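Asker: Take a look at the following structure, please.
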């Protein structure tokens, strides 16, 4: 199986937080390891766990003066070193809880306790401090329990104390042992906690150079690839040809080249005559998108792969020369008067070592360090209206004008509303003139041509999801400084109603959805778009339905004032039905509420510039219990380029998969059995009800998510709880 080099690479495939197999040195000797990749909004964290329990007790034995706690990681020390060396920052939490047990024996004594890091070196500093400083965090911050000491535990109190903090000198990490000394006295006790090692950033993955002329090149020392050569890199170009790299010997050579807009060539000679392999792409590679090239050569065979195109393999001759003898410098870019590569190359690895293109480019004419234009390749991962933002080493998604957050703007922001609770979002703040409002940006639709300075809307886009078991209620209401309003209601029957009143008609225009009970405790999505007289409504996964305002109706929403969620608390005359539905108010969950470019729930739950527009009555509890599950069907194995990778990502040494035919047959048989069982059960229920129809019965309707599964692994819970489990947990809070 082919594994990505780092968590950073998985993020740039659009993957979310999860466990993944990574291979830090490519096809080198280290082999793959399983890590937890935590994709946050602006960072990617790689986490490696060990087997030492938190708060491990030490002490009680007078036989041994030293207690040694060994940490066994889910990876070898060399594998972890490969991660820490390429990371921008690493940290590991360490804590010592003590009762009559001294730690570093400050201010001037020999430490009783130390930890062992990389290369089996002993370290006498503690979390929150740094190398060469025999202090704990409280000694650095000057807030120790007893100011005479530099650690809380060194005061030797009979009460429990603690010294804790982050170890962040990555050259010393990870912690492999903790040796505890002062626990042999009567009454001495200690507890040790060590967190997983966490690293952020991947300097190798984004180490890049831009070649701005066809004669530009970087040179490095001779490539040592006599019996095996493993080369991988990413490139991005709008040029149709150019040499990526070349290294020469007397007659031997190795070369990678973009031969045409659709062809990548790998050629070499080990003394048996030139060999060339070509991968042809069905679409142009000169599309200014990132493409990955992997080339390998050993005594048995050579291979070349571009992106996920079929691997090109060529066997080595059974007799003849096998050693690649090179003497010249390695040239990246133009070499020997050939036309060099124009564009960007990054993450160039040769036999497991990343070449520092960036540093060399700083002192080379015609080559610039770093690359730009990452959004052309990765902007597609910013979903739900999120904007791709260029960064020096990568990209991020700006979710500020969406109702979502998370690294790809796909995490719903929602809340649970208790009975009587409500939220108001004011479209302008007191003291601002009508023409200075946020209307020109947020209140207007995304289309700039619709923007009007007088806060008159010809177009609205409204989307949200909700779940409730109570009806009637007001889900959402938009008031105005005139008599215009818009409302989304749940009627006493549990059916949904959209109500528009824009003037020109005696009664509001109602859209009634009578075929579905929306107050059934399940999440439902609502998308409403109005453009002039035309209204399009989409509920859940049903096809959109079109409606039209009456000919007499105005088509302008004049002077919108505020948006209400849960209840309407507004001065002036309110529609009679809405007034009735207002009591006792909405109970349930609302999620990802967005009106044009305004996200009122997100403004309430996330500190933003728009937070001052929000007023809340009651306690708003964040929850995604109103979030609908993702409705996008999964890609088929044939069209998903990462299908094989993801299938093997969690099981690198799995056996042969069962054939599709077997799975389909099993599914059909299972479906038939399920139908038969369901029919029998329905018949039994009917008979029982018939037999006992005169007896009183008592029924309870329990929410689907009432029986929660066992909680996920604590590490996952600390990082990114599973989506569906969170929904079930949140429902359980209020639906049981």
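Placed from the backbone N, Cα and C atoms, the Cβ positions cover glycine too.
On a predicted model such as this, the values are computed, not experimentally measured, just so you know.
According to TrEMBL, the record shows the following:
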type: DOMAIN; residues: 1-50; note: domain 'Fibrinogen C-terminal'
type: DOMAIN; residues: 207-371; note: domain 'Laminin G'
type: DISULFID; residues: 344-371; note: disulfide bond
type: DOMAIN; residues: 372-410; note: domain 'EGF-like'
type: DOMAIN; residues: 439-625; note: domain 'Laminin G'
type: TRANSMEM; residues: 667-688; note: transmembrane segment
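Buried or exposed, and what's around them? Tell me for each listed feature.
Answerer: Residue environment of residue 371 (disulfide bond) contains 25 other Cβ atoms, counted within 10 Å of its Cβ in all protein chains.
Nonlocal intrachain contacts for the domain 'EGF-like' (372-410), taken as residues 6+ away from its ends with a CB within less than 8 angstroms of a stretch CB, comprise 8, 11-12, 14, 16, 39-42, 201, 206, 208, 210, 236, 288-290, 344, 442, 446, 463-464, 592-594, 597, 599, 601-602, 606, 608.
For the domain 'Laminin G' (439-625), the model's pLDDT averages out at 83.
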Asker: Return the residues near residue 344 (disulfide bond) by Cβ distance under 8 Å, restricted to its own chain and a separation of at least 6 in sequence.
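Answerer: Once residues fewer than 6 apart are set aside, residue 344 (disulfide bond) is near 208, 209, 210, 211, 235, 236, 237, 371, 373.
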Asker: Could you give the number of helix, strand and coil residues in the domain 'Fibrinogen C-terminal' (1-50) as assigned by DSSP?
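Answerer: Across the domain 'Fibrinogen C-terminal' (1-50), DSSP assigns the residues as follows: 5 helix, 19 strand, 26 coil.
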